[in-house]
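Structure record follows, encoded as structure tokens.
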């Protein structure tokens, strides 16, 4: 028997500590990499290199922050890839995109932990990240670029720039949507969302994954065990 009543205001775990820490590490490394990259690509933004001290230092650090960004991203992927596999049910979200944009997502879609838009973004970012890694290594003048011909370097620069634009655009969309869907930011900052939020935006995730664990959490509390779905201060 549960020792607590599940209400719409009950706090449930959305993201645990490892995911949140790696997410914010990814954010920091992304912006450091982006600022230095933009400064090299657009002369008008050369002043951004001063964030890291000098243009020379920024140029030297850029590849390393890029590698850190890639590692953090891959760690997040290892946690969430299985939630981002497209399913037949996801087409309901796409067909009802107009209602989704009106804020009526719960009326037209039956989303799991992530909706189709989030899944599409996930795989787009994976493509961009791996392309950036491969082309970045080819372009890395200090260590690798001398192994490649000029035509290969030119192609790498073109693909690197296109992938960087893809990544930047995807991240900006991600940030905008996080603020647009009220309550999402709290999930990645504090680790929790309400039952109400889950029912509206990710009803399938709530009913099939969260609710069964919530019902067991009452028994876990009775035994002195740590709850799995119920948020208790810090979601480890």
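Numbers here mean position along the shown chain, with the first residue as 1.
Heads up, the Cβ atoms here are built off N, Cα and C, so glycines get one too.
Annotated compositional bias 'Basic and acidic residues' per TrEMBL: 217-228, in sequence order. Here the compositional bias 'Basic and acidic residues' (217-228) has, by DSSP, the following mix of helix, strand and coil residues: 6 helix, 0 strand, 6 coil.
The domain 'Cytochrome b561 bacterial/Ni-hydrogenase' annotation in TrEMBL covers 14-182.
Per TrEMBL, the feature region 'Disordered' maps to 217-236.
Summarising the annotation, TrEMBL assigns transmembrane segment to 21-41 (among others).
Taken from TrEMBL, the feature transmembrane segment covers 61-82 (among others).
Residues or ranges marked as transmembrane segment in TrEMBL: 120-140 (among others). Outside the transmembrane segment (120-140), and at least 6 residues removed from its termini, the chain residues within Cβ reach (under 8 Å) are 63, 66-67, 69-70, 73-74, 77, 80-81, 84, 114, 148, 152-153, 156-157, 159-160, 162-164, 166-167, 170-171, 173-174.
Here TrEMBL flags 152-176 (among others) as transmembrane segment.
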